[in-house]
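Student: For reference, the structure I am asking about is given below.
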């Protein structure tokens, strides 16, 4: 079991590296298939640069070619997904639910990186979340279709209703992403996600007095918290 958990952690780090890459490329219209390169000097990266987590420290947090500092934004998905993948494998084993949660966490991590860098959440991410969930829902029948749909509706409503009172609405990408999250976690789960995201968003940004800020990173935090609250049995 220890070996399986370690391998799951390595898989999570690789998925985190993928999340950082796609989070940079997708909102900028760059093909996801090309070789990785430095955003500053466009130099193609070597094997050492591409080692998840360790590569960041091997290169002393700077591009080896142009010496520009590498943003920690691209490190955080690698660390968080490595830890989460190992922990979920320990708790769930190689079950369909493990893979479902990892898809959800990986895609929301991509959205977080994308939103932080460009304030854009590509529609392709929302579509991919739904398409990945459908086989799980239809084949395993562990989540009723009506429950998933109700979760999506609840997610959208939870983002829109406060705007009816304040006349200040979140971005369309945030609304659609939350709806897709609800497709996975159901109405109670997505409500928990929005609550956790709102609280952490207020803590993280409220003191700055900013009216607009990237909300997807806080949705990512909310998803992480809700997944483990759900596993504890506190919500279903």
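Note: Cβ is positioned from N, Cα and C throughout, glycine not excepted.
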Student: When TrEMBL marks a stretch as transmembrane segment, which of 42-68, 177-203 is it?
Tutor: 177-203
Student: So how many of the residues in the domain 'Prepilin type IV endopeptidase peptidase' (102-203) end up helix, strand or coil by DSSP?
Tutor: 89 helix, 0 strand, 13 coil
